[in-house]
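S.K.: Please read through the structure below; I'll follow up with questions.
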Amino acid sequence: MAGDTERSPLLGQRSHSPSTNPRLGDAVHGPSREARGQNVIIPMLCIILFFASWTNGFTQIPLLRLLEDRICHEYYDMSMSPLEPIDESLCKEEWIQSRLAFILSINSAIGALAGFLAAFPWGAAADRVGRKPILTLALTGMALEVCWDIVVLWFHHLPIKLIWLGGIFNIVGGGNAIIVGMVFSIATDATTDEDRQVCNIPSEPDEFPLTSVAFLRLHVAAMAGSLLSPTLCALLMERASPWICQWIGVSLLIFGSVAIYAVPNPPKPPHSPSHDAQESDSDDEDPVNRKTTSKLLKMISLPIPPSLFMFFLLTFLSMPVALATQTFMSQYVSKRYHIKLASTGYIQSTFGVGHIIQAFVILPFLSHLLTSATTPAIFRVKDEKLRDVALLRGSFFFLLIGLIVVGLATNLVGFMFGLVVLVLGSGYASLLKSLMSLYADAKHRSRLFSLIGMVEVLARVYSDPALAGLYSFGLRHGGGWIGLPYFGVALLIGVCLALLSFIKLPKSNEAVTN
């Protein structure tokens with residue numbers, strides 16, 4: 001892993017060179033230039049990811065407001081400059097909000113589908129041309145999507161539905177899924193043997209745990225950026241304009257696409273002539289299209305027992321929970337509680353802080369409590385697998401209660417209380433992945449997680465339109481019906497709770513293999 005270059009295959013097998021003793025020169029003169037470069041890879045990736053993760057915060061809520069204003073102009077049949085927005089309080093009519101939800105949902109579904117279709121070919125292309133060029137392409141595609149949104153919204157004579165074409169730009173580079181994959185692949189390549197020992201990362205790339213120090217740093221960097229950006233965006237929208245936030249988002253994406261080339265490449269390992277010849281022969285005999293098809297067939301050939309299929313179904317059904325607490329939540333809160341869209345950024349950041357507390361404090365505490373010898377027998381579980389099942393069941397329960405409270409809340413205080421309850425169940429996605437990993441040995445685990453990613457992307461295709469449809473239905477009927485989207489998601493979580501009762505975990509030290 002330490003010796004892989006950024007052109008090393010994502011799915012291919014890696015060579016294992018024999019360990020060598022450190023050179024005397026290294027002991028006398030300190031780390032070599034390559035070693036020093038390798039030591040800064042993870043910190044530099046963290047910095048790039050920190051700023052790149054601001055993009056959603058600086059583009060989603062402003063896009064929501066600009067779209068709302070554009071539809072508002074159509075509703076009142078007013079011809080104004082984009083720099084002369086209509087009073088936001090006049091844009092909360094049922095027709096305007098229904099149309100806004102519909103346009104956003106179709107746009108999101110098209111983007112998710114385009115990213116799904118493009119992700120695997122671009123991932124395979126990274127095996128040939130390297131991680132950085134593909135990462136640059138993916139960031140460029142996202143920047144082009146934001147630029148397209150700006151063009152359509154700025155020129156009022158253009159049909160607003162043209163904004164749907166922006167999602168197609170996810171074909172350029174593969175979108176967010178490829179960005180995450182490339183960043184973590186570069187981080188994996190930069191992990192040395194010593195790091196693997198300290199972080200307890202096995203030498204096989206498919207065996208590394210999700211809790212490695214390097215990955216944790218990257219996760220925290222992305223989370224910190226996602227937390228700060230909605231608040232900063234809210235401040236800018238209140239004092240300046242949503243257009244500025246959009247251009248900041250584009251600038252951050254361009255910054256990331258260029259800055260990635262400042263990250264040093266991991267040192268290339270010495271290869272034996274026979275190994276190089278073998279790789280060369282393999283490359284000559286295996287064209288890119290055949291290689292891509294072969295990898296895809298291998299990935300989907302993982303045997304799926306009934307219980308694992310149920311976990312895939314749980315992943316598919318629970319996806320609307322995440323989407324209902326993102327951009328849709330801003331539109332919902334603004335309409336129901338009569339607050340400006342810019343101010344919803346503060347709610348997003350507060351909810352994000354709750355996620356961090358849950359992930360780093362509450363969940364570890366409960367995990368320890370359930371397996372502690374001092375815990376009363378009625379609450380104690382036998383092993384980690386049963387612990388994760390108990391935590392997942394508890395997470396679904398809190399999600400169910402939280403969604404019902406959010407849907408029923410008639411004021412912002414009640415809504416915030418519902419969000420607090422939702423936070424208690426926000427670890428469900430990680431717990432699902434943890435339990436699903438029990439069904440595949442290390443050799444097949446990367447295929448399993450690739451399939452999980454595909455299911456999550458497909459779930460986005462139905463989730464946003466479903467939320468928009470329920471929201472429009474609730475708006476038409478008025479009153480408490482406006483909370484229908486959250487009641488609908490609560491129903492899905494209730495189904496997840498019921499399905500969880502039929503799942504049987506594999507026996508100890510047993511995993512599904514080909």
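Quick reminder: no glycine exception, Cβ is built from N, Cα and C everywhere.
For reference, TrEMBL lists these features for the protein:
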- 1-29: region 'Disordered' (REGION)
- 268-289: region 'Disordered' (REGION)
- 40-58: transmembrane segment (TRANSMEM)
- 100-122: transmembrane segment (TRANSMEM)
- 134-155: transmembrane segment (TRANSMEM)
- 162-187: transmembrane segment (TRANSMEM)
- 214-237: transmembrane segment (TRANSMEM)
- 244-263: transmembrane segment (TRANSMEM)
- 304-324: transmembrane segment (TRANSMEM)
- 345-366: transmembrane segment (TRANSMEM)
- 396-425: transmembrane segment (TRANSMEM)
- 483-503: transmembrane segment (TRANSMEM)
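Situate these features within the shown structure.
M.R.: For the transmembrane segment (40-58), the list of distant contacts is 139, 142, 146, 179, 183, 186-187, 190, 214, 217-218, 221-226, 228-230, 232-233, 245-246, 248-249, 252-253, 255-256, 259-260, 262-264, 266, 345, 348: same-chain residues at least six beyond its ends, Cβ to Cβ under 8 Å.
Same-chain neighbours of the transmembrane segment (162-187): 6, 10, 41-42, 45, 49, 52, 67, 103, 106-119, 121-123, 126, 131-132, 134-142, 144-146, 148-149, 152-153, 214-215, 218, 263, 453, 457, counting only residues six or more beyond its ends whose CB sits under 8 Å from a CB of the stretch.
For the transmembrane segment (244-263), same-chain residues at least 6 beyond its ends with a Cβ under 8 Å from one of its own Cβ atoms are 41, 44-45, 47-48, 51-52, 54-55, 58-59, 61-63, 66, 132, 135-136, 139-140, 142-143, 146-147, 149-150, 186, 233, 236-237.
Cβ atoms under 8 Å from those of the transmembrane segment (304-324) belong to residues 108, 396, 399, 403, 422, 428-429, 432, 435-436, 439, 451-452, 455-456, 458-460, 463-464, 466-467, 485-486, 488-489, 492-493, 495-496, 499-500, 502-506, 512 of the same chain, restricted to positions at least 6 beyond its ends.
The list of residues near the transmembrane segment (396-425) in space but at least 6 beyond its ends in sequence, with Cβ under 8 angstroms from a Cβ of it, reads 318, 321, 324-325, 333, 336-337, 339, 347, 350-351, 354-355, 357-358, 362, 480, 483-487, 489-490, 493-494, 496-497, 500.
Among residues of the same chain six or more beyond the transmembrane segment (483-503), those with a C-beta under 8 A of the stretch's C-beta atoms are 307, 310-311, 313-314, 317-318, 320-321, 324, 328, 332, 336, 389, 392-393, 396-397, 399-400, 403-404, 406-409, 466-467, 470-471, 473-474.
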S.K.: Is the transmembrane segment (100-122) packed against any residues at least 6 beyond its ends, judged by a Cβ distance under 8 Å, and which are they?
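M.R.: For the transmembrane segment (100-122), the list is 64, 67-68, 71, 134, 137-138, 145, 160-161, 163-164, 166-178, 181, 292, 295-296, 323, 327-328, 331, 453-454, 457-458, 460-462, 464-465, 467-469, 471-472.
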S.K.: Which bits of the chain, at least 6 residues beyond where the transmembrane segment (345-366) starts or stops, bring a Cβ under 8 A of a Cβ in it?
M.R.: 57, 61, 223, 226-228, 230-231, 233-234, 237, 325-326, 329-330, 333, 391, 394, 416, 419-420, 422-424, 426-427, 430
